[in-house]
Structures are given as structure tokens and as C-alpha cells.
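Novice: Straight from TrEMBL, here's the annotation block:
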type: DOMAIN; residues: 80-243; note: domain 'DUF2231'
type: TRANSMEM; residues: 86-109; note: transmembrane segment
type: TRANSMEM; residues: 130-154; note: transmembrane segment
type: TRANSMEM; residues: 174-196; note: transmembrane segment
type: TRANSMEM; residues: 208-226; note: transmembrane segment
Amino acid sequence: MHPNLPWLPSGLGLWSAHPTRSPSNQRRHYSLVLTSFQNRSFTPHLIFTEEIDRTMNPSLIDQLKEIGLQLGTNGLPYRFPIHPNLVHFSLGLFIIALIFDFAGVFFPLERPILKGFAIPAQRQNFFDVGWYNAVAGAFISFFTVAAGFFEILLAQPPTNQVSDWGIGAGTTMLLHGVGGILLLAMMVGTTIWRGYQRFVWRTNCRNEVSWAYLGFALFLMAYMAIHGTLGAQLGAEFGVHNTAAHILRMGENPNVVLSEGGMDL
């Protein structure tokens with residue numbers, strides 16, 4: 001049985017701990033690792049390693065305390081992270097916009113299918129959906145990026161752990177942050193480009209968007225997939241602002257703590 005986690009059965013997994021003296025602004029935490037075996041089944045193994053957390057911006061935490069805000073178990077002054085929730089709107093709305101623009105261009109191929117389901121639709125309907133979703137996605141992305149940068153300042157990334165891509169937490173966070181600004185710029189630029197096509201350049205054209213626009217849309221969706229994976233790795237693999245991961249780091253059982261409400265989440 002693990003000396004710091006008495007709720008963990010000794011036969012459940014492997015563990016190792018190497019206690020060291022750490023400064024007051026550093027703390028020990030543990031990693032939850034899923035190990036895959038060759039028999040195609042996944043067996044959970046809790047591998048506990050000594051890691052050091054460093055808050056990205058300690059002065060920000062002090063400022064939050066001065067105005068009466070305390071950090072919860074997830075490392076944030078509120079119950080649920082904002083950025084991971086808003087990002088679904090940013091990506092979802094914009095991807096829908098691009099897909100409907102493709103659907104508008106290839107409308108002649110879809111017409112028999114729509115008629116088969118008795119769905120009344122016109123080519124312009126698809127372009128309308130594409131335009132309004134692009135505007136909404138670009139607009140909400142400003143709030144998504146702003147929330148992301150606030151939460152990244154309060155992040156405590158592990159220093160001796162790498163993702164499935166072999167990248168450390170700090171580097172992943174940097175790539176995700178800088179990549180987020182670049183993605184926001186591309187989304188806003190694409191929306192402006194889309195607006196000029198809709199209202200100026202292609203007002204008399206059958207297709208409201210150009211082939212160059214569709215080609216860039218494919219690149220943008222691929223970029224979103226890579227960028228989104230980096231963000232998912234921060235939460236799922238590195239436990240950044242992950243409530244269950246933070247509870248594990250403190251040597252507690254998440255099932256017990258969350259069911260009893262014994263911690264400020």
C-alpha cells in the first residue's frame with residue numbers, strides 16, 4: 001500500500017517516491033499513467049513520481065488574494081476552467097462555417113440527397129450558415145484566448161514529464177499559447193476575407209467563396225486539430241487545472257473528496 005495514499009491497494013499499480021526538500025513555492029505531485037500492454041487491453045497503473053510545480057506567475061496569485069479570491073483545487077479562483085469550455089464554441093462554430101461553405105460549393109452533388117429526404121434547401125442557405133458561424137466563431141475566440149492567457153498564468157506544469165508527442169509541459173504550454181494567438185489572427189483574417197467575398201468580390205458569382213479560400217480552409221482545420229491536441233495534452237496528460245489530478249497530487253482519493261465535498265473545488 002502506498003505510504004502517502006492509503007486508499008490505493010498495493011496490488012493496483014507500481015509506485016516510487018523520492019522525497020526531497022523543496023522551497024515553499026514548490027510542491028510534490030503524482031502522475032496518473034495508463035499503460036498499454038501487447039494483449040490489446042489497457043490496464044491502469046498508478047506510477048507516482050516526485051515532480052516539482054512552479055506557479056507561472058506567483059505575483060498574480062498574491063494580487064488575487066488581496067482582492068479576496070482564493071485558488072481552488074484546480075488552481076483557479078473559480079470552479080470550472082473557462083478556456084476549455086469556450087474553445088469548443090470557437091472551434092465548433094468555425095469548423096461548421098467552413099464545412100457549410102464546402103457544402104455550398106458542392107451543392108449540385110448534394111441536391112439529389114436533399115430531395116430524397118424532402119429537405120428544401122438552396123445553395124445560398126449553406127453560404128449564409130457559413131458566414132454567420134464564421135462571424136460568431138471569430139467573435140467568441142477573443143474571449144477564449146483571453147481566458148486561456150489568464151489561466152496559463154496560474155498554471156503549475158510538471159517539470160519532469162513529457163506528452164505522447166515527447167514534448168515537455170512548459171514547451172507544450174508555450175506552443176499552445178503562441179499558437180492560440182496565431183490561430184485567432186487566422187480566424188479573424190479568414191472571416192474578413194470571407195466577408196469581402198460575400199459583400200464585394202463575389203456578389204454576382206454562383207459560389208460565394210473561392211477555391212483559394214477552400215484550400216486555406218483545409219489548412220486551417222488541420223492546424224486546429226494540431227493546436228487542439230496540444231491543449232488536450234495540457235489538461236489530460238499534464239493535469240493543468242485538472243481537479244482530479246490536483247487531488248491526486250495532494251495524496252487524496254478523488255472519489256472520496258469529490259463525493260464528500262471535502263475540498264474547495
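Including glycine, each Cβ sits where the backbone N, Cα and C put it.
TrEMBL labels come from automatic prediction, so no person has curated them.
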Novice: May I ask which of the stretches 86-109, 174-196, 208-226 has the most CB pairs under 8 A with the transmembrane segment (130-154)?
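Specialist: Most contacts with the transmembrane segment (130-154): 86-109.
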Novice: Just to confirm my parser: what is the rounded mean pLDDT across the domain 'DUF2231' (80-243)?
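Specialist: Mean pLDDT across the domain 'DUF2231' (80-243) comes out at 94.
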